[in-house]
Amino acid sequence: VLSPADKANIKATWDKIGGHAGEYGGEALERTFASFPTTKTYFPHFDLSPGSAQVKAHGKKVADALTLAVGHLDDLPGALSALSDLHAYKLRVDPVNFKLLSHCLLVTLACHHPAEFTPAVHASLDKFFTSVSTVLTSKYR
């Protein structure tokens, strides 16, 4: 459960990210593919080379979904229901991959905003990404 302090940290961080969310999403996705090569199996039709337009575009989709979630911290299941359906029923993404991408998102944000990435912000973002991952995998059961 996200506390009021977590929600404030998440919103403040997302405000600082601003227009870079899509860029960071693409970078985090590239980092995920490089660090965890098995995640590439879900994208056989993509050019997965560094700087690929397809990876950047999908990274922007990830960032857009997270931006939507930031705007609905009190109702993540409602906000992400369609995305949960897509990943569970159509794409059938292994739930562990959300954890791997979440880790790479944290690393990417820490690299770009080291001064703002305090232990409290790190913990809040980790809880947020875990909450989003939980919602996205909730329909697997």
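In case you wondered, yes, glycine gets a Cβ from its N, Cα and C as well.
According to Swiss-Prot, the protein carries these features:
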type: BINDING; residues: HIS58; note: O2 binding site
type: BINDING; residues: HIS87; note: heme b binding site
type: DOMAIN; residues: 1-141; note: domain 'Globin'
type: MOD_RES; residues: SER3; note: phosphoserine
type: MOD_RES; residues: LYS7; note: N6-succinyllysine
type: MOD_RES; residues: LYS16; note: N6-succinyllysine
type: MOD_RES; residues: LYS16; note: N6-acetyllysine
type: MOD_RES; residues: TYR24; note: phosphotyrosine
type: MOD_RES; residues: SER35; note: phosphoserine
type: MOD_RES; residues: SER49; note: phosphoserine
type: MOD_RES; residues: SER102; note: phosphoserine
type: MOD_RES; residues: THR108; note: phosphothreonine
type: MOD_RES; residues: SER131; note: phosphoserine
type: MOD_RES; residues: THR134; note: phosphothreonine
type: MOD_RES; residues: SER138; note: phosphoserine
Greatest C-beta neighbour count within 10 angstroms, which of the recorded positions LYS16, HIS58, HIS87: HIS87
Rounded Cα separation (Å) that holds between SER35 (phosphoserine) and THR108 (phosphothreonine): 13
Taken over the domain 'Globin' (1-141), the model's mean pLDDT: 94
Winner by Cβ contact number (other Cβ atoms within 10 Å) across the modified residues SER35, SER49, SER102: SER102
Minimum Cα separation from SER3 (phosphoserine), reported as the residue among recorded positions HIS87, SER102, SER131 that achieves it: SER131
The domain 'Globin' (1-141) - residue tally per DSSP class, helix then strand then coil: 110 helix, 0 strand, 31 coil
